[in-house]
Structure formats: C-alpha cells, structure tokens
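Participant: The FAD binding site feature in Swiss-Prot is assigned to 3-17; the stated evidence is sequence analysis.
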Amino acid sequence: MHVIVLGSGVIGTTTAYYLARQGAQVTVLERRAGPADETSYGNAGQVSPGYSTPWAAPGIPLKALKWMFQKHAPLAIRADGSFYQWRWLAAMLANCSAGRYSVNKERMLRLAEYSRDCLRTLRADTGIQYEQRTQGTLQLFRTAAQMEAARRDIAVLEECGVPYELLDRNRLPTAEPALARALDKLAGGLRLPNDETGDCRRFTLQLADKAKALGVQFRFNQQVEGLDVRGGQVAGVRVGGEQLAADCYVAAFGSYTRGFLRPLGLDLPVYPVKGYSLTIPMTDESAAPVSTILDETYKVAVTRFDQRIRVGGMAELAGFDLRLKEARRKTLELVVNDLSPGSGAVEQAEFWTGLRPMTPDSTPIIGATKYGNLFLNTGHGTLGWTMACGSGQLVADQVCGRQPAIRADDLALSRYGAGGQAGGGVARAQHNAA
C-alpha cells in the first residue's frame, strides 16, 4: 500500500515512520527545505501528558476579558478580518462549561498518556537522542487561588491514574533546586513525575532519518497545488505540475489543513494560535531548571536542554501573522529572569514564533473523513510534541486497517458534525499556505 503524507512537522514525520513500520510505502510532501521547519522548530520542549488541559475551561471567558488590559497577558485576540475567527471563538466558548471541560480533558489525557508510552517504546527501539530528560515537569503557582484551582483539577488526574505531587512553596526546591532563589514569588506547584522534555526539532530530524532507512521518501521544496477527488475518493495530489497517486492520503499540514481541505467540503474547525519562544545559551547550570517549569500566571514554560534553555508559550489569535513582536519577547524575558535569573545569556537568544493548529475543544482531529482514503492528523494546538507519537501510531493503525490500542472514534472530525457525504464529479483542494 502506498500512502502520501502531506507535511513533515513532528506530526507528519511520526505518521510516516509508523506507517513504514507497518509495511506501507510512504511518500512525504513538504513545501519547506526540511522537516520540522515551522511549528515544530522552536516549541517549548515539553512532553507533558499531565498538563493536557483544554484552553476552553470554566472561568476562561472572564480571564480573557481581564487579559485584554494586561501588559504581559498570556492570551491576546486581534481581529484578523474574517468571520471564521469569531465563529471559532464562539465554538470555543461553548466548550467552556464544566461538563465539556471534563470530557475534553479526558480525551486529551488518554491520547497524551498513550503518546508518551509510544515515545518511550520508539526510543527503546531506535536509540534516538534529542536532548531528552525524564525528570518530570513542575507547574508553578504564584497565588493561593491558583493552588486551589489545581486541587480541583487533580481529580481528573486521579481518575486517569496520572501520578502527581502537590508541593507547597518550601518543597519546590526538592524538585527544582534553582527555585530556592525565587520562593518569595511562588505559592506552590504541581509536579508530574512521568512527564518528559526534549528538543522537538532534533527528534523530528532524527526520526526522519530513521523513516528514510525504512524506505520513506521525503520530497522537500514541494508546493502542493491541490487534491483531486473522484467518486468519494482522493484520486491524486497535484504538485509541481505532476499528479502523484497513492492508495491513501494523510493531511498533516497543521494550521493550513483547514484551508487546504475546504474546497473538498471538509470544514475543519482549526485556527492558528501563535506562540513565541526564546532559545538561550546556558551560562550557569546551577541557576537553570533541571527539567521544565511552567509559570501558570503567564502560561510560559522554561525548559532545560543540554546547554540551552528554551522559554516558550503565550497565545495570540491573529490569523496567519508571523511577525515577531518585541512585547512578547519582553514577556518571555520577564519570566526567565524572574524564575531562573542568571541562568543564560538572554541577550543572545534566538527569538521565534510559530502557529499551533488549535480546535475549539483543544482536542486534535485524527482519523477518517467522508473520503474513503483521506485521513486527518491535525489540530493538536500546544500539545503537538506531547501527542505526536500516539497520533502517528493511531493514524497508521487506521490507514492499515488495524485496531488502535486506545479509543479513537471521539477524536475524528465527525464529532463536529462536519463532512457529510462525498459527492461525485471532480473536486480540487488547494494548498494556499504561503
């Protein structure tokens, strides 16, 4: 069976790898010069199932209003001139009830825990190295109110069997010794010992090499012009003046997947949520985290790689705007200087931004469509790295007709009531991802 995977970020590359492991002939089409060159390039570095929490949550509407007037707010909404932006926001607000939050968090935890297990198996099988650390992660609370909210939230962790430790202020240095310098700013923390960290881009580059060794063909610098469909099936991909045909197709274009598939009558509720990061050369190991610390107030993570510190987070809803904004850099600098002062040469940092493909319920869209040979793997939001291996394995199982190891039907596009029935004739989808 020949499968074409569209996109070579961490999601597309893991999908290609797992397909090849199951014996498929795989071709990956990518418009950039190599894998992990966009959203997977500079993310926060967390593989954190325990922090798989929906952005759509009780209290978020009121918080969003307050954040509009804060200088270092974790969320900013800027009109992009489209009606779709407001429709997407309305759908997100509809998911802010306690009931929807509980359902969505369970889905996210289920996939994220499975994905971490898949990553561990892959690491054992291949020996892949990507500056990973398996020392857990620590969410930091600056206020008693945040601590109390965490106590309410851990009920879901207990239901899903996720180990955790709720730490008061004085116990924080037992998990992260460098925090002894910042205790006066903190109320406590939530430690998740089974979470991990690592450089997503390095992982993706190495996994692409391992996929090539299994026979996967990567075609870079390819501008995908569209999909042709006939009789309820994808007939081929138009790229560079030629049509490439396969038995099955997997769309993993991240934030651009929605625009690519709309001409086919597939309305994916995916919106680009802009995030930022700094990658800082480490200068004082004793002042740096041993793993990841996550500032709950600013929604910013500070992650330790080998000789670098990655500071990433925040969310802007502003369409496909990729401009770097100095105000966001200052927020990242504020957090790292506050929690890990003197740990790195902040003035030498690489400043980066990327677009995370987010759904209104924060759960990715994985699985079949109304076209019998077209599958989706997108919409992971801020958890693409966390969920990548599990998502790739699920899609590979579905494409190859195998029973997935976990429930996956509620991750499909059909949960939104979208798609309908494929019609006859010829339809074309265009990849307008400039």
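Even glycines carry a Cβ here, placed using N, Cα and C.
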Participant: Across all protein chains in the structure, which of the binding-site residues T13, T15 has the highest Cβ count within 10 Å?
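Facilitator: Neighbour-count leader: T15.
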Participant: If you count, for each of the binding-site residues V3, V5, I11, the other Cβ atoms lying within 10 Å of its Cβ, which residue has the minimum?
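Facilitator: Comparing Cβ neighbours within 10 Å for the binding-site residues V3, V5, I11, V3 has the fewest.
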Participant: Can you count the other CB atoms that lie within 10 A of the CB of G7 (FAD binding site)?
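Facilitator: By my count, 32.
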Participant: Just to confirm: which same-chain residues, 6+ apart in sequence, have a Cβ under 8 Å from the Cβ of Y17 (FAD binding site)?
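Facilitator: Sequence-distant Cβ neighbours: L122, L207, K210, A211, L214, V216, G392.
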Participant: Among all protein chains shown, how many Cβ atoms are found within 10 Å of the Cβ of G9 (FAD binding site), not counting that one?
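Facilitator: Here the count is 30.
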